[in-house]
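Encoded as structure tokens, the structure appears first; notes follow it.
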Amino acid sequence: MLLNTTVPLSVNFDRAEDFLIFIFHILFATSAVLVAGSVVIGISSNRSLRGQNRFIFMLNTSISDTLTGFSVYYLGLFDVQEGYPSRNGTFYILPSFLGVNVLTFLFAQFDRYLAVCHPFFYNRYIKRPAVISVCGFCWIYTYLILTVQNLVPISKAAQINAFGVMTLQVIVLIKVVMTVKLYIIARGQLVREAPSADRDSKTESLRIIVFVVICFLALWGPSFVNIIVRQLTGKGLRFRNEATNLFATMARINALFTPALYIWGSPALRGAVWRAVWRRVCPWRRGRL
């Protein structure tokens, strides 16, 4: 099969909105790489953060978000259409970074639930190597399914993709239930505990995961619903390419919002990111955190 080495740009620049779309994707991709990348560097360079399970999950999603930011330089700036059939596509390699985050958030929610509701079990069995293994599983499972999907005929690949969408429906339902459960725990159980550093850490981690998951589902939901409608009815909204796909763009915006919420919600992470990255980039502001 011959590969087309000349990929046209995503827009024709014959309308004002074409310029806005193109500039938006450049700014968004750059912002996502800078913010998510700074979280990766901040956690990786801080031994204290690396030793806490919740920051391992943050690191995993931030790596995915950084790669998503880089992927927008292709998906957002060039005429790319993922799907069956695709046009200048990446065999779903780049869009699947979001799939890694879906699984990571799910396991992170169970991690926080066990940490708060079953602390003795959690402290005994849920160690750092287990969390790292779970994060690795998120990558292996996502791209193993994708590899199989790309090796089989298109008809079978479409069936596997439909099965994946069904699986995501179950995962989304679980995530919604877990979000409600964690919110109730944060408002009820932790409030009754005596003030302590451990309680403050649990409250902070629950607040972050609840906000992150709500934001993720809100931005990713429209694309998810549109995909389901298209598969079930053959209708739904269709777009010229990935750059003009409003729903896909909303889903990718999580790559910027998620690490930004991490920095906002965690003073320890905020300090680590400042010391490891931005203090060196902005030396004239060394006196401020």
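A Cβ is built for glycine as well, from the same backbone N, Cα and C atoms used for every other residue.
A TrEMBL annotation is a machine prediction, not a hand-curated record.
Per TrEMBL, these features apply:
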- 36-262: domain 'G-protein coupled receptors family 1 profile' (DOMAIN)
- 20-43: transmembrane segment (TRANSMEM)
- 55-77: transmembrane segment (TRANSMEM)
- 89-108: transmembrane segment (TRANSMEM)
- 129-148: transmembrane segment (TRANSMEM)
- 160-184: transmembrane segment (TRANSMEM)
- 205-225: transmembrane segment (TRANSMEM)
- 245-265: transmembrane segment (TRANSMEM)
Mean pLDDT over the domain 'G-protein coupled receptors family 1 profile' (36-262): what is the value?
88
Look at every Cβ pair spanning the transmembrane segment (245-265) and the transmembrane segment (129-148), keep those 6 or more apart in sequence, and say whether at least 3 of them are under 8 Å.
no
What else in the chain is close to the transmembrane segment (205-225), if you only count residues 6 or more beyond its ends and a Cβ gap under 8 Å?
54, 98, 101-102, 105, 108-109, 112, 115-116, 168, 172, 175-176, 178-179, 182-183, 185-186, 190, 245-248, 250-251, 253-254, 257-258, 261-262, 265-266
